[in-house]
Amino acid sequence: MSSVSTSSSIAPNSGIVNSYPTVEESTAVAEKLRGMALVPNPAVTEPPLFAEVDMGADASATTVRATVVQAATVFYDTPATLDKAERLLAEAASYGSQLVVFPEAFIGGYPRGSTFGVSIGNRTAKGKEEFRKYHAAAIDVPGPEVERLAAMAAKYKVHLVMGVIERDGYTLYCTVLFFDPQGRFLGKHRKVMPTALERIIWGFGDGSTIPVFDTPVGKIGAAICWENRMPLLRTAMYAKGVEIYCAPTADSRDVWQASMTHIALEGGCFVLSANQFCRRKDYPPPPDYVFSGTEEELVPESVVCAGGSVIISPSGTVLAGPNYDGEALISADLDLGEVARAKFDFDVVGHYARPEILSLVVKDHPMAPVSFASASGRPESPHKRPDLL
C-alpha cells in the first residue's frame, strides 16, 4: 500500500485548489464547497500537484490521513479567521483527512514585525493601543470560539489541532487546542517559552499543559515553534508516548526542516509542522500596523512568512512538503506501524535511556501566581468562573 501526499496552492484569503486524481473531480469538489463557503472561492484553473510516497505500510497497522494547513490569519478579525478555518477544514475533510493541524497563532494572529511600541524603559501610547486590539482578537478558553471549533471538528469528523492566542484575564498565551471528531474539547498546550519580543505580549505556560492525548488515530501532542528546540520539553512528550508530534510554528527558515527531521528521528514519531504563509497585505496597512525596520522595503505582495509546512515520518523521510509557494493544504497518509519500526532502532525513553545517569523531573501541576481557597478546599482561578474549572 502506498501513501498519497498532496500539496497545492490556495489563493490567499479565498478558495483552495487541492485535490486527488483528476481536474474534473477537483472542479466538482470546488463547486460543492463554493455553495457552502464562508468566504469567496475562485474557480479551479490548473491541475493539482500530488505525489506518491511509499512508506512501507502494511494491512495490520493503522493508517491515518493527516493534513497540515498553511494559511494566513485574517488579522484583527477573529470571526473572519474562524470562517476561513472552517472553509479550510471542510476542504481537508473532503479528501478524507482524519487529523488537521493549523499553524501557530492562527486564531488571534502572529504579530510578525511589530514591536508594540516597546523599548527599554519606554512604551508608547500607539503600542498600548495595538496591544488592546490584539487582546480583543484573542479568545477565552473555554468560550464561544472554542465551542465553534468543537462544532467544526464534529461537523467534519476530524481530530483538530488549532493554534490560538488565548486570553486569560489580561494575559495572553500562545496556545494549541485539541478537539476530537465527536466535538469534544480535549485540552490545550500553552507555549512554555515565548521567544524574544514575544515575551512582552505572551505569558509563560507551565508543566500542567504538556498533554499527549491517546486517540483512535494515535497519541497526539504539540510543541510550538522554538520550544521544539528545548530537549527537556521534547523528552517529556516522548515519555508520554507521543506518536504524532504536532509542531505549529512561525519559523519559515530552511534550518527549521533540520529541526523537524531531528525530532522525528529522536522521538520515533511523525512530525507535522504547520506554518502560515503571509504577505504584507495579510496584515493591516501602515500606519495602523508597521513592520519595524523593514516597512519601507515592503509592498503589498511581499512575502513576510514563506511557510515551509512539512510532514516527516519516524524514519526521517519527508512525506509531504516543505511548501514555500503559497497558502496550501499539505497531506500524507501516516502508517502508524512506522513508529514501532523506528522505536526498534532507537527509543530515547526506553531501551536507549540511562536513567541511573540521566533523568528528568517534570513539575506537571499548575503554577498560578494567586490561589484562592474555596469552602470546599479546591483552588479557584482568579479569572475563571468556578463552574468552568
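Glycine residues also receive a Cβ, built from the backbone N, Cα and C atoms like all the rest.
What TrEMBL records for this protein:
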| type | residues | note |
| --- | --- | --- |
| DOMAIN | 64-336 | domain 'CN hydrolase' |
| ACT_SITE | Glu104 | active site, proton acceptor |
Within the domain 'CN hydrolase' (64-336), what mean pLDDT does the predicted structure show?
96
Show which residues of the chain containing the residue listed as 'active site, proton acceptor', separated from it by at least 6 in sequence, have their CB under 8 Å from its CB.
Tyr110, Gly163, Cys174, Val176, Ile224, Cys225, Pro248, Thr249, Ala250, Ala274, Asn275, Gln276
